[in-house]
Amino acid sequence: MRIEPAASLRGVTAVPGDKSISHRSVMLGALANGVTHVTGFLPGADCLSTVACFRQLGVSVEQLSATELKVHGVGLRGLQEPSDVLDVGNSGTTMRLLLGILAGQPFHATLTGDVSIRRRPMGRVSVPLRQMGAHIDGREEGRLAPLSVRGGGLRAIRFDSPVASAQIKSAVLLAGLFADGETGVREPEASRDHSERMLRAFGVDVAEKDGYITVQGGSQLIATDIEVPGDISSAAFLIVAAAIRPGSDLTIRGVGVNPSRTGILDVLREMGARIDLQNERESGGEPIADIRIQGGELRAVTVGGATIPRLIDEIPVLAVAATQAVGVTVIRDAKELKVKESDRIATTAAELRKFGASVEELEDGLHITGPTPLSGGAEIATYHDHRIAMAMAVAGLAADGPTVIRDWEAVDVSFPGFGQLLQNLR
Ligand code: S3P
């Protein structure tokens, strides 16, 4: 992909459906009694992996259009033993949440995925799921995929997660639906709460007790309609692009603004960006708004602590904004970046340096000194990480000449059509 510099971004647009919510709509729809109608579904490779896995588990998923599905729920006990290996592709959410569901099934299944997923830590879910009674095996004692699961006969646990991770929390809560008694999960900082909100939308009683989020084993899910909002993590690339190009005026319609996901808006505002939420509304228990961004000058910021899980996927593009901000931006407490689709501390730093940015890697984050003019002519590697590809495309807009991005197809994981959209907004 060749990215030409852009003076500004203008117009009104929308972004594809939220990836986290799209995955969950298929998973919970599959476990429900009745038919769940999903609109605004993200037809990205990750969510299509979830659809394919559930079909292999005996669930009929009708694809009415690219973004509209009917999931024919089989009920809590209706999944079937798959006759072949389940392939999650590049999707950590599919692998970890599905492990939670499979832990509750009285049959055997094997999960694998691409080279990136087979490097990512799975012990964080196999440990609590084994405590509940599931049999999980895999490379390095079940810490790495391929993983094989023989589930069933689960007992409820109280789990203190060592990391703030929605995938861990969701895996244990989903397994908890199949356990005897009340399962609870507590985390060091709050991670995104889409599972809790959607479980409630399906009629499940999700409570909070002494800091633990709890579900009761045997809770029945009742099918519902899910309208997936635009993904703020996809919108973030456009938001930063507009924020760093003076003269930009961009509105993105219908974006999910769940407070567990809006850290990027808070931090960009602290940096001085002009961001307004308009037309705020709610659908399926998720807040939605139109986001208007106007470009201007930015100043450096320090980000850490409880904000990190609220913008974890936006850090590569936040780093791009920091290259254009006045002063030293410090991002800390973000060790989790090392175990995403790529080691995003290393890959963000390496690729931004190709533009001449001043970036220093920390053990748990980044130091970025700005503003630096970004130089054209960079040849970017994506490491097959969709968010690195898109973050570097945003840097390319602010560069003084064209940028070439290799392995651009990586963007299809979460934002098919991103390249064309960037083009249309000039
Ligand atoms: C996700 C949770 C996040 C995020 C990922 C999607 C989810 O990971 O990085 O892209 O859908 O639950 P954590 O498990 O680290 O919260």
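Each Cβ is built from the backbone N, Cα and C atoms, and glycine gets one as well.
Unlike curated entries, TrEMBL annotations are predicted automatically.
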(request) Look at the 3-phosphoshikimate binding annotation in TrEMBL, where Lys19, Ser20, Arg24, Ser165, Gln167, Lys340 are given, and name the residue from Asp137, Asp180, Asp313, Asp364 listed for that site too. (result) Asp313
(request) Would you measure the largest Cα separation among Lys19, Ser20, Arg24, Ser165, Gln167, Asp313, Lys340 for the 3-phosphoshikimate site and round it to whole Å? (result) 19
(request) Filter the binding-site residues Ser20, Arg120, Gln167, Asp313 down to those with CB closer than 6 A to an atom of ligand 1; keep them in sequence order. (result) Ser20, Gln167, Asp313
(request) Do me a favour and check the Cα-Cα span between Arg120 (phosphoenolpyruvate binding site) and Lys340 (3-phosphoshikimate binding site); whole Å is fine. (result) 7
(request) Going by Cα-Cα distance, pick out whichever of the binding-site residues Ser20, Arg24, Ser165, Asp313, Lys340 is nearest to Gly92 (phosphoenolpyruvate binding site). (result) Lys340
(request) Would you kindly give the Cα-Cα distance separating Ser165 (3-phosphoshikimate binding site) and Lys19 (phosphoenolpyruvate binding site), rounded to the nearest Å? (result) 15
